[in-house]
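Asks: In case it helps, Swiss-Prot gives these features for our protein:
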SIGNAL    1-23  signal peptide
DISULFID  Cys56-Cys67  disulfide bond
DOMAIN    63-280  domain 'GH16'
ACT_SITE  Glu166  active site, nucleophile
BINDING   Glu170, Trp257, Thr268  chitin binding site
COMPBIAS  351-444  compositional bias 'Low complexity'
LIPID     Asn445  GPI-anchor amidated asparagine
Amino acid sequence: MAIVNSWLICLVSIFSFVVRVEAATFCNATQACPEDKPCCSQYGECGTGQYCLNNCDVRYSFSHDSCMPVPICKSSSTKFKDYSSKLGNANTFLGNVSEADWLYTGDVLDYDDEESLILAMPKNSGGTVLSSTRAVWYGKVSARIKTSHLAGVVTGFILYSGAGDELDYEFVGADLETAQTNFYWESVLNYTNSANISTTDTFENYHTYELDWHEDYVTWSIDGVVGRTLYKNETYNATTQKYQYPQTPSKVDISIWPGGNSTNAPGTIAWSGGEINWDASDISNPGYYYAIVNEVNITCYDPPSDTKKNGTSAYVYTSSSEFLAKDIAITDDEVMMDSDEGSGLDPHKGATTSSTQKSSSSTATSSSKTSSDHSSSTKKSSKTSSTASSSSSSSSSSSSSSSTATKNGDKVVSSVSSSVTSQTQTTSSVSGSASSSTSSMSGNNAGANVAANWRLTVLCVILGYVL
């Protein structure tokens, strides 16, 4: 009887796990989020808390004010020397921009030899995303980076808005002398929008990639040389009678992600140069694929002259039917929630049952420093967020953790381990949009529930055998 009872407990645990996973509510052009989960995440799932930040999709949320107001642009220059400890964790961040200028999901490491930050993609992971906490509504954004390399590995530098507007640089690891540029308006896929710029080896060399975004035109430049110019008047669509030109406040994302993952759509795999090799030399040494970020500069431009202003702190959408520049206002609305139960509808929900927001930079899943084996004797630190990134989610019940970060040759080595032996990679299809190069975040509550249920299931199985 004890054995039967134990296995019944196991079955209940598994059933609970399945129910919780299947309870996810999705959002898209035909289905908006319900009021109890009002925010549509960038990846098409409804929820509260972090779902209401980080490019919350205003179009498919319960209402246009379900997403949190977006912190207004602030000109800045960020050098990523010894910067990992200053990063906020996107999975715990609740909107307090005084805590962090940049968020991460995935694995990041300081790289002292080049005074830079490594975005790492360990074997079978979804990659890493670095995101700004503030949005840019017209401005000049430049990033000095080294891309990754090899087939199936994609590096991205993009501006992306909660209305699906997008300005892109993407770099396919199989072609290191080409920067792919693209733009999207409200996520509309148009294959004629892309264009390439030739350059020198993007893996071996730092290049400064720049987006100079104005109301009526945008330029893409590499190392100060303009390689492409798009004019707003070129984007007019006679059918919709609208300019299909990126025009809404956008966050800055820099990422590395597995475009060649075998679970991706065939077109995505082909575009990224073929299936990714998870046993490539990089996976042995230094232990992951990587891109390197040295510096990002942001210069904010004035908003359109006819912008409605009732403050100076945040961008808000004023319409649930259109999401154009004319539908953006500048206000002093709150940009921070009190708990992961909050949303734009009620930022203070859950405040009485949750502790005061902690610094997101101090709640990273792990942080470690270790002496270098390299002759420079520099030190490294590494951080790993608690959810998979880059349009990928894992069935792993808990986060990976960086246990070491030592120098080996020219790159930092990170030992990444999982608390579950078996991981199943389920990467979503990418339809040509660089928005898929950013993190797929399931949220703290979902991650905690999955972890708790897996632990209970394993415990029950062990108990069943013992009894």
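Including glycine, each Cβ sits where the backbone N, Cα and C put it.
In terms of burial and nearby residues, how do these features look in this structure?
Replies: Cβ neighbour count for Cys67 (disulfide bond) (all protein chains, 10 Å cutoff from its Cβ): 28.
Under DSSP, Glu166 (active site, nucleophile) is assigned to a strand (E or B) in the three-state scheme.
Cβ neighbours within 10 Å of Glu170 (chitin binding site), excluding its own Cβ and spanning all shown chains: 23.
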Asks: At the Cα level, what's the spacing in Å between Glu166 (active site, nucleophile) and Trp257 (chitin binding site), rounded?
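Replies: Pair distance, Cα basis, whole Å: 17 Å.
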Asks: Among Glu166, Trp257, all listed as recorded positions, which has the most CB atoms within 10 Å of its CB?
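Replies: Most Cβ neighbours within 10 Å: Trp257.
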Asks: Which value does the mean pLDDT take for the domain 'GH16' (63-280) in this predicted structure?
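Replies: Across the domain 'GH16' (63-280), the average pLDDT comes out at 98.
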Asks: Using DSSP with the three-state reduction, classify Cys56 (disulfide bond) as helix, strand or coil.
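Replies: It is coil.
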Asks: Can you tell me how far the Cα of Cys56 (disulfide bond) sits from the Cα of Trp257 (chitin binding site), in Å?
Replies: 20
